[in-house]
Amino acid sequence: MQCQECGKRPATLHFTKIVGGEKTELHICESCAREKGELIPGAQSGFSIHNLLSGFMNFDPTGAGTELKQPAVRCDTCGMTYSQFSKIGRFGCSECYKHFSNRLDPLLKRVHGNTVHSGKVPKRAGGKVKVKREIDELKKHMQNRIEQEDFETAAKLRDRIKELEKEANGG
Amino acid sequence: MATRRYVKQALSQWMKADGPDSDVVLSSRVRLARNLRGCPFPMLAAPEQSEDVMDQLLSVAENGRLNGLGPLDLIRLSELTELEKQVLVEKHLISPNLANESRNGALILSQNEDVSVMINEEDHLRIQILRPGFQLREAWEIASKIDDVFEEQVDYAFDESRGYLTSCPTNVGTGIRASVMMHLPALVLTGQINRILSAVTQVGLAVRGIYGEGSEATGNLFQVSNQITLGQSEQEIIENLHQVARQIIEHEKAARMKLVAESRTRIEDRIRRSYGILSHAAIMDSKEAAQRLSDVRLGVHLGMLPQVNEQTLNELLVSTQPGFLQQAYGEPLHPDQRDMTRAELIRSRLAIS
């Protein structure tokens, strides 16, 4: 069998792709495959997570048709539009998250089952967030102590919360 | 040119250490995705912007901030040949994406190759830790420490509600991808694998082949990883994967015991045949090599092939890959020649051990 790309060398690599019952075969030689970057394992799949995501992103939570009436949503910082994002499945820059914010919840919900981060917070960039998290934790703890009628500990926790709140607002 | 140990030696130094549960788990991996504030993600960055990102991140290593990791290699992808890049992919030190698609891509690599920091991959920064055997928690701890060092020096794109912002929405939040590479021959042989793998995908985990997304599971090697990165803490994600992997390990071990108890001679025959063929064949394609090496690996762990060393098998896993074979041979090889070179290599390695 000859290579489908160059038609000169014998085909030594054979790919079969089945998408929705439709079968496509690709028979190519070594050097054409190298050119296409298909030799590197993992890189040869035409169907990536991004294709799958763009399926999710076309999901319109407000009902059919509203998409057309809205002006194009665009990230002011990098210029990417929401429709470009939904095709590529990747953001252009970190500001896209702000500009596309109200459309992201249904997407993130589908991918992660969640919309809000609850993991690690960086020391510098997230200084205030860290304090806020700590305050939330302490408030939960204080509530718990009050329910247990341990008012002495609850009072201590309240003082600590006040201190932290001052720090958060001042800093 | 320097020695470039990282493309000459198939077996990374870190793989030589003994890890827990190494009869089932080859390696554990954690990678963190991070981006810098104020610069478009690598896909959209202009060349001078991605160069600036590369310089900023490389300078963290150049300034000695990562000295705790020992001597480091700083490698610009543009310095490498295509074959050398492929070797690094085969050793799991860089991703196919960094090898093929990056602009101003770079790599910070520790001496024993357990830490590899990718620059200008899909995200500006990807910190990857590899550990032998089943050591997810340890890998996360090291990754987090390195993350802290970078965070002291550069401004991360972080949002209070979305967490660490990443190019792909599948990584946003913690930016963590944790995975374990498992050898599951007994679950495959006893036909239990599909049931177990489909159960795994129902608890928010993914199963892939040895080379990640889009790759086939060859040689009974499966990579199990978390899918969810947002809304759970890193500890919860690691713990969830740890618990599920622990169960798979126990199932695999039970299946091995059962195989030996019920059909010892048959399984021993299979293992010895594969060992015989690998020790004597003159032509060996990569698929057959993967399958037969899997049989031999099982034989080693069942105590049936005391003459074979597990290290040799780990080394062959990499050195029989197309890129590494050609790199070691010194020139591109025709697929037929490659199968002959591979057979020769395996013969010689199994003879020594």
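Just so you know, glycine gets a Cβ as well, placed from its N, Cα and C.
Listed in TrEMBL for this protein:
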type	residues	note
DOMAIN	B:24-255	domain 'Phosphagen kinase C-terminal'
BINDING	B:27-31, B:His92, B:Arg126, B:177-181, B:208-213	ATP binding site
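Sequence features, as recorded in TrEMBL, placed on the structure.
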| residue | record | CB count, 10 Å |
| --- | --- | --- |
| B:Ser27 | ATP binding site | 24 |
| B:Val30 | ATP binding site | 29 |
| B:Arg126 | ATP binding site | 26 |
| B:Ser179 | ATP binding site | 24 |
| B:Arg208 | ATP binding site | 19 |
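For the domain 'Phosphagen kinase C-terminal' (B:24-255), the predicted model reports an average pLDDT of 94. In the three-state DSSP scheme, B:Ser27 (ATP binding site) falls into the strand class.
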